[in-house]
Structures are given as C-alpha cells and as structure tokens.
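A.B. asks: Below: one structure in structure tokens.
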Amino acid sequence: MTVTVKKLIERLKLEIIYANDQLLEKEITTSDISRPGLEMTGYFDYYSPERIQLFGMKEWSYMTKMTAHNRYSVLREMFKKDTPAVIVSRDLPIPEEMVKAAEEEGIALLRSKISTSRLSGSISYYLDALLAERTSVHGVLMDIYGMGVLIQGDSGIGKSETGLELVKRGHRLVADDRVDVYAKDEETLWGEPAEILRHLLEIRGVGIIDVMSLYGASAVKDSSQVQLAIYLENFEAGKVFDRLGNGHEEVEFAGVKVPRIRIPVKTGRNVSVVIEAAAMNHRAKQMGFDATKTFEERLTNLISRNEEMK
C-alpha cells in the first residue's frame, strides 16, 4: 500500500511548516524512524536518509547550541532528496536554518504538539500497518467475543452463510471472500477486507448484501488481529476428527503461525454455535483453563481410585 507524506499529516494531525504539493505526495517507503543524534555532530556514517527524521527535545537542544553556520551546514548535509519528511515534536520552535535547508533540499518540514516518544510510537504503528507486506487468503474473518477468527473451507461449504449467522448472533464481520493478512510483528497477524469488498457478504441465492446497512455499524469492523483459524470440511463417515481437543494444528500466514481447528460440517449441525464455542474455548486455554486437561486429570484420578479398590 502506498503511503504519502500527506496521509501521514492527516493521520497524525501534523502542522506543515514547509511543504508543497509535490512534497506532500512523496512516498514513505519504510516504517523505520531516525533520531539524528550523532548526525548533529557531523557523523554521517550509516546514516539512513530514506527514513523520517524525528527531532525531539535532545536533538533540538543540541541544535540550538550550535552556531547558525554549523547548524545550517549539518542540516543541509542531513536533508536528502530521499528523505520523506522531517518532524519536530513537542511544538518546539524551529530555527530559520532548518526551514532554509528544508526549502533548498526539497524536504517536507512538519511539527507536532505531542511528546517525542508518543509521536514516534504513533508513526511506527501507523506505518507498520500500512507498509507491511500483504497476502490475500480466501475465507471469512469475524470478530467473535473480541477474538479474530478466520473461517476457511472448501468453496460452497457455507463460510459466508456461517458469517451471516454469526453477525445475527451479535458478532462483527471484518472481511468476506478475500481477506488481506499481514504481520505486524513476528507473532501478530492482522487481517482486513479488500476495499471494494468492505462490509459486504455474498450469499448464494440471495446475492451481495451490505452488512452495515442491514445490521448497523456495530455489526462490522475494519480490521482485526487473527488469533484463531477454523477450517470447515464435509463430514465423512470413518474420517477421524479430534474429539478431545488435545490436538495442536497450526497454519502459517505471512510468516506468522496461527492455531487451527478443523470442524466437520453436516446437515443439521449449527456451525455458528460450534465456532462460538471454539473461540471461547481457545480464549479459556489462553487464560490457563483447559477443559481437556481437566478431563484427563479426572480420568486419571478415577482410574487410580478404581485400581486402589481392587
């Protein structure tokens, strides 16, 4: 996804000190941020000009102690054509030399009122989400009791219909048919809909329905962490399915592994209720409550007592 300086300004409500239309459309290519400490001393080895340059209180304080000539020289060396923007935090005063260097080198110069740490975190969070490599997967992503559940299965098995039933039961639709997933970090997977499919569900025999229009804003969500994958498959006599819940299957998306549960589907089975139970049970396991382990302990104790009675 393309992220421009203009989008960043609108998202974080940044003040424009200097920028023209061309600079506002400059693309940001990395979520990494540079705090130019050593660079202010004139040390530019390993300098990364393609990063957003963020000036906080320390950088600003050092800069104001420099002579006007040295300040201008260092800033001219720091501001490169590849640099998307320079941002000053805490609403700090901006020296004339910084404005002059930005104008001459063609760099957007911006300012924010919030603290440097909060600003750095907000920039990274926003850019990480938009610049992460995305992978499209087929399925329905639902928010069930606050847990992101990706429902997959063969075509025609009833994924969208199950999603609709879950919406009617008070849960929220994130994406149907095509789910764009991306890794926010090594262990966290997020999913969102394709823009053209946002809030839409396709139901065979009915057509495309707008979930937000029919069920309200509380029935949809723009994105969600993917914490559990559920695979629906046709029930076949003789096929072995996990009945105790002590199996541990995972599926990998965008380099992140997600636990997966296989649920057999057959006529008369209320799949949406089963998925609700699976989501709640998964959350209970994360909190340390494992019904399978409890059952095994009870069974072991019962066997031990029976052995003692012999």
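Even glycines carry a Cβ here, placed using N, Cα and C.
In case it's useful when we look at the structure, here is the feature table from Swiss-Prot:
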ACT_SITE  His138  active site
ACT_SITE  Lys159  active site
ACT_SITE  Asp177  active site, proton acceptor
ACT_SITE  Arg243  active site
BINDING   Gly153, Asp154, Ser155, Gly156, Ile157, Gly158, Lys159, Ser160  ATP binding site
BINDING   Ser160, Glu202  Mg(2+) binding site
REGION    264-269  region 'Important for the catalytic mechanism of dephosphorylation'
A.B. asks: For the ATP site given as Gly153, Asp154, Ser155, Gly156, Ile157, Gly158, Lys159, Ser160, which other residues of the same chain have their Cβ within 8 Å of the site's Cβ centre?
C.D. replies: Leu232
A.B. asks: Going by DSSP, is Gly153 (ATP binding site) sitting in a helix, a strand, or coil?
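C.D. replies: DSSP call for Gly153 (ATP binding site): strand.
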A.B. asks: Round to the nearest Å and give the CA-to-CA distance linking Asp177 (active site, proton acceptor) with Gly156 (ATP binding site).
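C.D. replies: Asp177 (active site, proton acceptor) and Gly156 (ATP binding site) have their Cα atoms 11 Å apart.
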A.B. asks: Express the distance between the Cα positions of Gly158 (ATP binding site) and His138 (active site) as a whole number of Å.
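C.D. replies: It is 13 Å, counting Cα to Cα.
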A.B. asks: Relative to the Cβ of Glu202 (Mg(2+) binding site), which residues of the same chain, six or more apart in sequence, are found under 8 Å away?
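C.D. replies: Residues satisfying the criterion: Ser160, Asp176, Asp177, Ile208, Ile209.
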A.B. asks: Just give the helix, strand and coil counts over the region 'Important for the catalytic mechanism of dephosphorylation' (264-269), going by DSSP.
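C.D. replies: In the region 'Important for the catalytic mechanism of dephosphorylation' (264-269), the DSSP-based counts are 0 helix, 2 strand, 4 coil.
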A.B. asks: When neighbour density is defined as the number of other C-beta atoms within 10 angstroms of a residue's C-beta, which of the binding-site residues Ser155, Ser160 has the lowest density?
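C.D. replies: Minimum Cβ neighbour count within 10 Å, taken over the binding-site residues Ser155, Ser160, occurs at Ser155.
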A.B. asks: Which ones in the same chain are close to Gly153 (ATP binding site), with CB under 8 Å and 6+ residues apart in sequence?
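C.D. replies: Sequence-distant Cβ neighbours: Gly139, Lys159, Tyr231, Leu232, Glu233, Val265.
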A.B. asks: How big is the Cα-to-Cα gap, in Å, between Ser155 (ATP binding site) and His138 (active site)?
C.D. replies: 9
